[in-house]
């Protein structure tokens, strides 16, 4: 995204020698410009983007294949959300090569205005959709566990609700992305063509204030509210299981801890620095050299960390679940029949059970 992740409309802070803040910045950035090692940093970040893209494509494609192999079975609400999550994460990682090139070129956008608007909007929409589906999965998992331990609870209504919820999630993600879709553009700064979100200058509203509002939406909708819902659902789930003395409580506790920690660790640094920028735009804290250097060097790293969540999601939400591990095993045995025969001879009982 342009805010993509670097900084903000009219506030592009490349990790290199020609970083420039707009004429509405709070201080002249020239004394703060970093000089050493910036090229190596940009290349390293571009490599990380490319690696995350490759792993994300493979991981999410694997999830889609596994779910496709189970198409004869009726999907639960959680599995339906997993499918949508894989789709949105797959779309998201496909934009990373463009940001890798942007990073390697010192955040100089080489693909033109139309691609800037398209890639920026797709990145933002799928970022919101991914977080929303993670949240929906947490709610659905709690509801499914609670309802499964109660008599006379069917699953057809929950599947219908999951489909309706998915449509609403995609709509909400699209609405949350409207500022990106409308105001993403290329803008020449210090001789470089940058892809960023540039709000118009209005009589009564400073563009930096509008940017602060938009970034506040990103922090609230993309992190704080989802984190609160996810944490509440899993705390309620663990409380419910502990009261019921369910035998699988330790396994659920472990998977829940991994899910919450992954989301928190991947997104907290990026959202914290975004919040810092919001405080500056609202004149709550001063613009400092520490903020500039943090945005120039640390912020792109936090973006990479946040993007790795798109690689971790397939592992956390599929491969740690027994039914998906069994589906993966069946897929591997189907692709490698010779291995399947040797495995069945070596472990006839296990093969029969599968």
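Residue 1 is the first one shown; counting continues down the chain.
Cβ coordinates come from backbone N, Cα and C, glycine included.
Lifted from TrEMBL, the feature list:
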- 1-13: compositional bias 'Basic and acidic residues' (COMPBIAS)
- 59-317: domain 'G-protein coupled receptors family 1 profile' (DOMAIN)
- 1-20: region 'Disordered' (REGION)
- 43-66: transmembrane segment (TRANSMEM)
- 78-99: transmembrane segment (TRANSMEM)
- 119-143: transmembrane segment (TRANSMEM)
- 164-183: transmembrane segment (TRANSMEM)
- 219-237: transmembrane segment (TRANSMEM)
- 258-278: transmembrane segment (TRANSMEM)
- 298-320: transmembrane segment (TRANSMEM)
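Spatially, the transmembrane segment (78-99) is not adjacent to the transmembrane segment (219-237); fewer than three Cβ-Cβ distances between them are under 8 Å for residues at least 6 apart in sequence. By the Cβ criterion (under 8 Å, sequence separation of 6 or more), the transmembrane segment (298-320) is in contact with the transmembrane segment (119-143), since 3+ such pairs are found. Sequence-distant neighbours of the transmembrane segment (258-278) (same chain, 6+ residues past either end, Cβ-Cβ under 8 Å): 5, 7-8, 11, 131, 134, 138, 212, 215-216, 218-219, 222-224, 226-227, 230-231, 234, 285, 291, 294-295, 298-299, 301-303, 305-306, 308-309, 312, 316-317, 320. Within the chain, the transmembrane segment (119-143) has long-range Cβ neighbours (under 8 A, six or more residues past its boundaries) at 1-2, 4-5, 77-78, 81-82, 84-85, 88-89, 91-92, 95, 98-99, 111, 158, 162, 165-166, 169-170, 172-174, 176-177, 180-181, 184, 195, 197, 221-223, 226, 229-230, 233-234, 236-237, 240, 259, 263, 267, 309-310, 313, 317.
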